[in-house]
Amino acid sequence: MGLQSFTSKFSPLSSFRPFSKPPKFHTTVSCSLSHHLHYHHSSRQLPLLARTLSSTAAATLQPATATVSASPDGDKGVKAPQWKAAIDFKWIRDNKEAVAANIKNRNSNANLNLVLEIYDKFLNLQKEVERLRAERNVVANKMKGKLEPSERQKLIEEGKNLKDVLVTLEEELLKLTDELQQEAQSVPNMTHPDAPIGGEDSSTVRKLVGKPREFGFSVKDHVQLGKDLDLFDFDAAAEVSGSKFYYLKNEAVLLELGLVNWAVSEVMKRGFIPLMTPEIVRSSLVEKCGFQPRGTNTQVYSIEDSDQCLIGTAEIPVGGIHMGSILPESSLPLKYVAFSHCFRTEAGAAGAATRGLYRVHQFSKVEMFIFCRPEESDAFHGELIQIEEDLFSSLGLHFKTMDMATEDLGAPAYRKFDVEAWMPGLGRYGEISSASNCTDYQSRRLGIRYRPEPSSPPPKKGKGSSAPTQFVHTLNATACAVPRMIVCLLENYQEEDGSVVIPEPLRPFMGGLEVIAPKCK
């Protein structure tokens, strides 16, 4: 997993979790329960981006027979990786005090001592292998000259013995390499020095926008509003799919489509390239982005007997769009805004916060993603959170932006800002968005580099004329998580007569609809 120095902000450590099975498609699906081109914006209004579940996903998830069950890991031994991360273990060893403090501050279960122990064994064994290889070469060179038969036979035996020993040691060296990378996956990215240290309660407020609306009547939550206005059907969805699924009906459908089109349109004005992504990806890609598709309490739905998963966020397929690439510096920054459906197990979630649309297994989301040069990532992090604040302010929402504490950071995040909006029906703030700077944590695993352009033309072509490549930095942020936004809008814009007013910015994207009114009985 990615590690990053406080000074240069490069993550020398990435991780992997290997999969040995090739992708296969079966009729039984098991979900283990456990996110440079220059785009010129046109003033022409975008067509609706309405989309049902993609045909690939639908075909895979609607087989003749489908079962849902927990899928534990079988093999407890070390598996040979199908890909290797760019890991700088020397940096880790040389900065072990800072790495250890970071692990402690994040309340991570990473075992740094074990990583360093395996690394020392690796170095010692590597030196021995290199010594024996040199000795074998000496023996081979001696055999090129004229020798007595007895002397030649002696060298043959010596060479054979060296070969046998080398085969054994090289196998051990390969095994240590795999163990080293495997153990490193639990080590999180380094943390921004200004990030608050501690649990979620230690997170600090960066900005407070607006104030709660004062109601002259008893407010309803979004579940009651949806029932009264005939916008949702949770009961039918529970029969069809299970708990935490839903049908949107009537104006709620227009609201979802309007939110998606509005968010994409607004973000495109800021130079982002629109994408619609695959919603089934390889498990290895999920891991390279820093998620654990088959771990305990995973949020990822994995497809049984395959190396594929459903995405929990468009961050994953967008992160993979340039996987294994060396980008020209002139192409950076690459800024994307992606629409996708998202699927999450929500394992371990319980309580009032799970009621209604607040926490569901499937939802639509508009995600922003940036690939940039290392020295620019802090500034782009600020740009992403500013876009989020502008979007939510334009809808008249009351919210606060939080600088999240170390224990609340996901493994890839160097720093994360959350936006929490006031939800009067729930009587509390609820997270509606986040923006994370992952520095080079993901790019070191995804193999995404760029080649800096020389400050002056090289004297001549040939070896050494090109600048060495560097890893890009990646950032992600939510422009619109649709269900949470619907919760906010219904609860904040409800009227005493039971109707809900549509904020003005959304009306052009909803056919001019101004009010969701109670149905005539």
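Using the three backbone atoms N, Cα and C, a Cβ is placed for every residue, glycine included.
All annotation found in TrEMBL is predicted automatically rather than curated by experts.
Now, the feature entries from TrEMBL:
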| type | residues | note |
| --- | --- | --- |
| BINDING | Thr313, Arg344, Glu367, Asn476 | L-serine binding site |
| BINDING | Arg344, Thr345, Glu346, Val360, His361, Gln362, Phe363, Glu431, Ile432, Ser433, Ser434 | ATP binding site |
| COILED | 115-186 | coiled coil |
| DOMAIN | 269-503 | domain 'Aminoacyl-transfer RNA synthetases class-II family profile' |
| REGION | 448-468 | region 'Disordered' |
| SITE | Thr478 | site 'Important for serine binding' |
Expressed to the nearest Å, what is the distance separating Ser434 (ATP binding site) and Thr478 (site 'Important for serine binding') at their Cα atoms?
6
From recorded positions His361, Phe363, Ile432, Thr478, the one whose Cα lies nearest Arg344 (L-serine binding site)
His361
Measuring Cα to Cα, how far is Asn476 (L-serine binding site) from His361 (ATP binding site) in Å?
21
Rounded inter-Cα distance in Å - Ile432 (ATP binding site), Glu367 (L-serine binding site)
12
If you measure Glu367 (L-serine binding site) to His361 (ATP binding site) at Cα, how many Å is it?
17
